[in-house]
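What TrEMBL records for this protein:
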type     : residues                        : note
ACT_SITE : HIS60                           : active site, proton donor
BINDING  : 53-60, 171-174, VAL200, 208-211 : ATP binding site
BINDING  : GLN84                           : beta-alanine binding site
BINDING  : GLN84, GLN177                   : (R)-pantoate binding site
Amino acid sequence: MTPDVPTPAGGPRLVTTRDGLREALADVPAGPGAHAVGSAGGGSGRRAVVMTMGALHAGHLALVRAAREVADHVVVTIFVNPLQFAPGEDLDRYPRDLDGDLALLAGAGADVVFAPTPDVVYPDGDPVVRVAAGAVGDVLEGAARPGHLDGVLTVVLKLLHLVRPDVALFGQKDAQQLMAVRRMVRDLDVDVEVVGVPTVRDADGLALSSRNAYLSADERRRALVLSRAVRAAEEAAVAGGGAADVRAAAQAVLAGGEVDVEYAALVDPLTAQDVPADHLGAAVLALAARVGSTRLIDNAPLMLGRHDLEHA
Ligand code: PAF
């Protein structure tokens, strides 16, 4: 693949360098009125970014399509960020398929794909100054993967600076990541709108993830307990159950499964901390489990006791 040229057949323009990105953005500028929240593309000149680590699947394409609906120009970043992998995690075996990704993006409405190498993103080596996710990053994924969310937020902030979007879209499947990004944007006054996009699932219910590629047929069958637990929690919430009922519904399903559950928590979307048993309003069910050697997560935004309000 030749870098920094338009891909064939009207696909997105691939850039791999900071200069290439700058030139591509100059050709698809964000325009006046770009921050009109709720404007649906349509000539406003809004620029959206969808950040990914590649190995794209239908979940990523849903993000790109959602981006297309709220912006005129869509930039997709593809970068496997070493900073968010601890030593011994799957950085080396993380799936990479740039040509396949570009073929998928050609039909999804991306204008520019920024696919840098680590030396482009981190020209001085590992950054000395980083973003700390704080209390949002110490629990759930952060407890299992110390420093993971700091690495995520650091690269997300860098990519926001490089792409300068009006809106950034993230999947609800990585619920804690979405919470941490929202919190960073709020706490550090980052001038971008953050949009969460619902999880895309396979027909059997498994949440789409690049890591699903690691699963054997039997592991995949066992992994389905996660989405069954999510569904049970959703049903308990819709039936008017409180936090204790929702937790119990998810845990009952997980107890009958054949996976190693790392956590099953019901948390506040603003803090990622456990909600009390009498909690009303928005909450997030967050699940993580090991299936064989593969670690999977699944999540759902829920509304407890207040069905007149939209989901988180
Ligand atoms: O969700 C991901 O794929 C990554 O964590 C992200 C947001 C692209 C940062 O590397």
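Cβ coordinates are placed from backbone N, Cα and C, and glycine is handled just like the others.
Annotated pair LEU56 (ATP binding site) and GLN84 (beta-alanine binding site), C-alpha to C-alpha distance, rounded: 18 Å. Look at the binding-site residues GLN177, SER210 and count other Cβ atoms within 10 Å of each Cβ; SER210 has the fewest. Contacts of GLY59 (ATP binding site) defined by a Cβ separation under 8 A and a same-chain sequence distance of 6+ are given as GLY171, LYS173, THR199, VAL200, ALA207, LEU208, SER209, in order along the sequence. Only MET53, of the recorded positions MET53, LEU56, HIS60, GLN172, VAL200, SER210, place a Cβ under 6 Å from an atom of ligand 1.
Under 8 Å, Cβ to Cβ, and six or more positions away along its own chain, the residue listed as 'beta-alanine binding site' finds GLY147, HIS148, LEU149, GLY151, VAL152, VAL155.
In this structure, the CA atom of SER210 (ATP binding site) is 10 Å away from the CA atom of the residue listed as 'active site, proton donor'.
In this structure the alpha carbons, written CA, of GLN177 ((R)-pantoate binding site) and MET53 (ATP binding site) are 14 Å apart.
In the three-state DSSP scheme, GLN177 ((R)-pantoate binding site) falls into the helix class. Around MET53 (ATP binding site), the same-chain residues six or more apart in sequence whose CB sits under 8 Å from its CB are ILE78, PHE79, VAL80, ASN81, TYR94, SER210, listed in sequence order. Comparing Cβ neighbour counts within 10 Å across the binding-site residues LEU56, VAL200, the minimum falls on VAL200.
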